[in-house]
């Protein structure tokens with residue numbers, strides 16, 4: 001059991017994901033601050049460090065709800081708070097393949113004009129000092145039944 005955060009895509013940039021907001025949530029307890037993706041990320045980060053066990057953040061929602069953006073914000077939190085073993089931008093590298101996968105995975109179907117058939121699993125690796133040392137993004141097929149047909 002864990003906390004649940006409902007994220008809504010405002011369809012415009014908001015100043016609630018800036019660097020200073022990351023630092024405001026870093027090191028804080030879940031109930032100390034307003035609900036935020038950074039609060040969820042901080043809780044997972046603290047539990048990983050304290051219990052030395054793998055943690056998961058599940059981002060779920062309808063098409064266009066901002067799932068990929070929420071995952072980017074969580075990764076930005078981890079790279080800012082935990083740092084990286086190298087100066088490379090892990091977040092950018094992991095998500096670099098995302099637009100290609102989205103283009104392949106999204107298609108007009110009998111149910112929806114732009115229906116995603118794939119889910120993403122992003123695994124972030126940390127070293128013993130809790131610095132990010134790498135990441136891997138896997139995709140998996142959600143529904144085989146979402147197939148297209150040619151109109152005659």
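Backbone N, Cα and C atoms are what each Cβ position is placed from, and that goes for glycine too.
Caution: TrEMBL annotation is automatic and unverified by curators.
Note that the structure is a prediction, hence the values are computed from the model and not measured.
Features of the protein shown, as given by TrEMBL:
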type: DOMAIN; residues: 1-152; note: domain 'Myosin motor'
type: BINDING; residues: 61, 62, 63, 64, 65, 66, 67, 68; note: ATP binding site
Original post:
Counting only residues 6+ apart in the same chain, whose Cβ is under 8 Å from the Cβ of residue 65 (ATP binding site)?
Top reply: 7, 8, 9
Subject >> Among 64, 66 [binding-site residues], residue with fewest other Cβ within 10 Å >> reply: 64
Original post:
Taking all residues of the domain 'Myosin motor' (1-152) together, what is their mean pLDDT?
Top reply: 78
**OP:** Might you list, by sequence position, any residue in that chain lying six or more from residue 67 (ATP binding site) with a Cβ less than 8 Å away from its Cβ?
**Re:** 59, 60, 61
